[in-house]
């Protein structure tokens, strides 16, 4: 069992929460053991059944261009993708995808094709996005307390949305205010976090980044963000030195954000208590202003 961790006031008062996915909201094994094998198994069928779709044509062109770049760069083992009829091209695309995935490459064209294949699986119910048991409750509480939640992952924005829309705990997209992938920058570069802050119009002091990767945490800290590391089951072991640099938690329930509302005298009180006090004081006909969703 993880030891109780003291979290600083800046962490617990953060208004913008930026979450990684793998190892943070979602098991690393889900991507490795479910999503990747599904893409490998179904990519050929997807291409055959959707060959004339514009999205397919676009991604095939992108894969071919990537293969040409790899060939020029003398990347070992590259599988070229020819032009011609689908029956000639599809087997080579499959080989190219298998080669890239065997190297754990994250090229844009590969991620796009994976996303197209996964979309079909999510929508027909073959895939349900894994999220840890504490995620839905935490997302709900954080948003109710006035926090905004953003996702920053190496997976494409489309793939992120599919995972959270079709999660094991239902549609979680309603809790999310934005999504970012590596188009905004690499996750181990300080500038990426600065760009996200600018995009969401947040100061670094009011932002919190949650991740399981020390190098990402370090980059975010260099950009001025508050950072907490996640120690989930199956994650890479954090060293003692890494644990000294950042607070480490095992679950989102270890983060307790207090909902605060300003009183007329300038003080602050817990949001739940404030509503209860107000409810006692207002006339019956005015209660809809306190509980706007109640008739």
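Cβ from N, Cα, C; glycine included.
Feature list (source: Swiss-Prot):
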{"type": "BINDING", "residues": "20, 22, 212", "note": "Mg(2+) binding site"}
{"type": "BINDING", "residues": "153, 154, 187", "note": "substrate binding site"}
{"type": "REGION", "residues": "260-295", "note": "region 'Disordered'"}
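Spatially close to residue 22 (Mg(2+) binding site) yet at least six residues away along the chain are 28, 31, 153, 154, 155, 212, judged by Cβ distances under 8 angstroms. Cβ-based crowding with a 10 Å cutoff singles out 153 as the top-ranked of the binding-site residues 153, 154.
For the substrate site, the Cβ centre of 153, 154, 187 serves as reference, and the other residues of the chain with Cβ at most 8 Å from it are 20, 21, 22, 152, 155, 181, 182, 216. The Cβ of residue 20 (Mg(2+) binding site) has 22 neighbouring Cβ atoms from other residues within 10 Å, across all protein chains displayed. Taking CA atoms as the reference points, residue 187 (substrate binding site) and residue 20 (Mg(2+) binding site) are 10 Å apart. Residue density at residue 187 (substrate binding site): 21 other Cβ atoms are found within 10 A of its Cβ, drawing on all protein chains shown. For the substrate site, whose annotated binding residues are 153, 154, 187, the maximal Cα to Cα separation is 8 Å. Within 8 A of the CB centroid of the Mg(2+) site residues 20, 22, 212, the other residues of that chain are 21, 23, 24, 25, 26, 28, 153, 211, 213, 216, 230, 235.
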